[in-house]
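Novice: For reference, TrEMBL lists these features for the protein:
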type	residues	note
BINDING	B:E80, B:D96, B:D99, B:D216	Mg(2+) binding site
Number of protein chains: 2
Amino acid sequence: MNPWPVPDPDLPADVHPALALTARAAARAYGTARARHTRAELREEIADGADGTPTMRVDRYVEDAIASAAARAGVNLLSEEAGFVDNGSATTLVVDPVDGSANAALGVPLSCFAGALVLDEEPREALTVWFDTGRAWHAKADVPTPFRTTGRTGLRGANVCLMRPKRGTEEAWLRVANQADRVRVLCTTCLEAALVAEGSVDAFADPGSDTHRLMDLMAALVTVPAAGGALLDLRGRPLTFGLDLSRRWSGIAAATPELADELIATILG
Amino acid sequence: MNPWPVPDPDLPADVHPALALTARAAARAYGTARARHTRAELREEIADGADGTPTMRVDRYVEDAIASAAARAGVNLLSEEAGFVDNGSATTLVVDPVDGSANAALGVPLSCFAGALVLDEEPREALTVWFDTGRAWHAKADVPTPFRTTGRTGLRGANVCLMRPKRGTEEAWLRVANQADRVRVLCTTCLEAALVAEGSVDAFADPGSDTHRLMDLMAALVTVPAAGGALLDLRGRPLTFGLDLSRRWSGIAAATPELADELIATILG
């Protein structure tokens, strides 16, 4: 069993109630799952999600808690396991219940809740909560956040988080690693995007594996630009709201648009 | 500035006073450094350490606090910046004041204190404290710890932490990455070794860059075996106490000796 507690999220006062309610419910559910199950049980794949990827037991715990919370809050839900749940609202909560599911199941203390509120197909507000510490990053679209990106414009000497190299992306991965000062691989896109937004690393990139789904990027799409950075797709595909969960992107989060462009050029070779 | 607090370490009652005193002093000093300095200031290289690597300002803050605490505790100190400080004791504290210095300076919340008590050249007790959470892993030589490794014996499907690929180790790095289920790069050897010891990942490896100094491995040399795992050098060099800070190793921490052997074979190709 994983002995460490999952604290209640430390949220700013002005977080939208639907985001606050679901983030708190997610943290509580993850804490309960860790207290009840071994690491192997948390990791067990018990179903296939609406997005076509397997659902681990830990995902199910958190997803169920979020679905209840979204219904209580009276907003629709778009989530990787459940798909779209219409609660009759003009507002949809796009959520990755457990970003970094493998970490969350194993006990690697790098996983988070990431949610974005979408009104009329436009993301308006986002919240990312690091489960193991309760640290939260909150942003509203086009409103500058108190935390800021590093402002770095060039890749040489940058500190970069990368998605782990998957088959076919090894060369691009190494090109970035060789240009950067240091690379890190934390296996949790939403938390890595929050680290870009708060200025702890200069950038995060999926070097071409097209792994990201809408819920992996929606919170960052609000948070990173509000902190002064850029959130783009490697191949220029528009990052727009929609209910088709088969869409995929290779997300690039960077301290500045210039750094995002250099990362993209380096990855595409 | 980095706005997050550095909590007081959460230590078991039976930690040796010299380890407890220095760990608490280290956490306080890192908290002070974060409150006083920007990320750029923390990262500034202000001297060369006794081990020949540059000393960042954040290292200096924590190292100074540890040197005072070791003197108060009446033990000798062997540390990467100060080298050997003889306080007239039979006991020497071997310490990495800030493991993951680059993370600690930037604000990536993955850095730790790691100390080992050495009596008559034998490491007897170790303590690792993750600064950003206060989580602590304590072990005494040959005494089983409450936390245990995963017990995994094979690399295929394993969850592995790797040192970032440095020039000349890229091929070995990718061989491990392709065999494992997932790789992570956290850039903090001592914390990654603690994650091996507590069973959150199966192994950690430096794939041949010979980066590790004595203080990077001494705490793990007590903690990982006490948790059921193995701590070895890639090329079979003995991991023994000594005052020569020019010695280097490529440390391998694994859930079992079998997994350590397979990792070594895979890296050496």
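A Cβ is built for glycine as well, from the same backbone N, Cα and C atoms used for every other residue.
Caution: TrEMBL annotation is automatic and unverified by curators.
Map the listed features onto the structure and describe their local environment.
Specialist: Remark: B:E80 (Mg(2+) binding site) has B:G49, B:A50, B:D51, B:T53, B:D59, B:E63, B:D96, B:P97, B:R213, B:M215, B:L245 as non-local neighbours, by Cβ distance under 8 Å and separation of at least 6 in sequence.
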Novice: Just to verify: the residue among B:D99, B:D216 with the fewest other Cβ atoms within 10 Å, which of the binding-site residues is it?
Specialist: B:D216
Novice: Other than B:E80, B:D96, B:D99, B:D216, which residues of the chain come within 8 Å of the Mg(2+) site, judged by Cβ distance to the Cβ centroid of those residues?
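Specialist: So the extra residues in range turn out to be B:V95, B:P97, B:V98, B:A114, B:T189, B:C190, B:R213, B:M215.
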